[in-house]
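J.: The active site, proton donor annotation in TrEMBL covers 81. Feature annotation from TrEMBL assigns Zn(2+) 1 binding site to 82, 179, 207. What TrEMBL lists as Zn(2+) 2 binding site is 103, 133. Positions annotated as dihydroxyacetone phosphate binding site by TrEMBL: 180, 208, 209, 210, 229, 230, 231, 232.
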Ligand code: G3H
Ligand code: 13P
Ligand code: ZN
Ligand code: NA
């Protein structure tokens, strides 16, 4: 069933587990996510980035995800990932999305608060939940120093002010993860996470979770992360399977015989994440 983001995350917050939020931009990725959720009996968040919207078209991707979510036996939310443009956020609300992220984390704190607060008022009026970001979650390709990385991390006092003034439902925080594949091993600031959770007591979101070792994920969940964003690990599983399949079978040409196995490879990765995050069996 299609449900709001907060319905899924409030339960995760109370019971101390995390729900996977997986990026999609087409039919097969969406199938992989929904089938993984059904097979492991997990609640799940299906999210689309602004780039994903541009690729698939908002009406098309909304219809694909909403149709599959409504038919599913597990709770599923349709979420906008990193909405940096206010008008895109409004468009998702008009297309029946059940969760949106207003990401104004690049703006100064007061401006981030202002736009997020407006989105919260409008979205809540429509029964839609809101995620926002404070601190800066960069990419692994960003060439930044250790000091710059530290400065980009979420300040607990600012996070508390932000949550109080905006009324946001769940908050993405910067504690050392980055989008994309890691060169070395990421170092997470668990003390910072613990402090933020104690002060805010709301569901917290970990971005850039592809490539983070299992032990670090488990620890982050135990300290209060309730939504974990995964994109790169799914993309890599897709590409690995595709290369392997086409190399091994030079004759295959039916897209269904090519993309079907790629979907299964993505599904396996997603199922493993659901089990790791503690969401399996929680639907
Ligand atoms: O946060 C980034 C997500 O992995 C989406 O990436 O902008 O390439 O769709 P994208
Ligand atoms: P990864 O691609 O590193 O998994 O990050 C995904 C993400 O944070 C989407 O918002
Ligand atoms: Zn992200
Ligand atoms: Na990552």
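Even glycines carry a Cβ here, placed using N, Cα and C.
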J.: Other than 180, 208, 209, 210, 229, 230, 231, 232, which residues of the chain come within 8 Å of the dihydroxyacetone phosphate site, judged by Cβ distance to the Cβ centroid of those residues?
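T.: Filtered neighbour residues, in order: 23, 179, 207, 211, 233.
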J.: From the Cα of residue 103 (Zn(2+) 2 binding site) across to the Cα of residue 82 (Zn(2+) 1 binding site), what is the distance in angstrom?
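T.: The Cα atom of residue 82 (Zn(2+) 1 binding site) is 5 Å away from the Cα atom of residue 103 (Zn(2+) 2 binding site).
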J.: Please report the number of other Cβ atoms within 10 Å of the Cβ of residue 207 (Zn(2+) 1 binding site).
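T.: Counting Cβ neighbours of residue 207 (Zn(2+) 1 binding site) within 10 Å gives 26.
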J.: Determine, using Cα-Cα distances only, which of these recorded positions is closest to residue 180 (dihydroxyacetone phosphate binding site): 81, 103, 133, 207.
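T.: Ranked by Cα distance from residue 180 (dihydroxyacetone phosphate binding site), first place goes to 207.
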J.: For residue 232 (dihydroxyacetone phosphate binding site), what is the tally of other C-beta atoms lying within 10 angstroms of its C-beta?
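T.: Result for residue 232 (dihydroxyacetone phosphate binding site): 18 neighbouring Cβ atoms inside 10 Å.
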J.: Quick one: what's DSSP say for residue 229 (dihydroxyacetone phosphate binding site), helix, strand or coil?
T.: strand
J.: Cβ distance under 8 Å to residue 81 (active site, proton donor), same chain, sequence separation 6 or more: which residues?
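T.: Counting only residues 6 or more apart in sequence, the Cβ neighbours of residue 81 (active site, proton donor) under 8 Å are 21, 23, 47, 48, 49, 52, 101, 229.
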J.: How many Å separate the Cα atoms of residue 179 (Zn(2+) 1 binding site) and residue 209 (dihydroxyacetone phosphate binding site)?
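T.: Residue 179 (Zn(2+) 1 binding site) to residue 209 (dihydroxyacetone phosphate binding site), Cα-Cα distance: 8 Å.
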J.: From the Cα of residue 133 (Zn(2+) 2 binding site) across to the Cα of residue 208 (dihydroxyacetone phosphate binding site), what is the distance in angstrom?
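T.: Taking the Cα atoms only, residue 208 (dihydroxyacetone phosphate binding site) lies 13 Å from residue 133 (Zn(2+) 2 binding site).
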J.: Out of 82, 179, which of these binding-site residues shows the lowest number of other CB atoms within 10 Å of its CB?
T.: 179
J.: Do any of 103, 230, 232 (binding-site residues) have a CA within 10 A of residue 207 (Zn(2+) 1 binding site), and if so which?
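T.: The binding-site residues close to residue 207 (Zn(2+) 1 binding site) (Cα within 10 Å), listed in sequence order, are 230.
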J.: Tally every other Cβ atom lying within 10 Å of the Cβ atom of residue 231 (dihydroxyacetone phosphate binding site).
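T.: Result for residue 231 (dihydroxyacetone phosphate binding site): 23 neighbouring Cβ atoms inside 10 Å.
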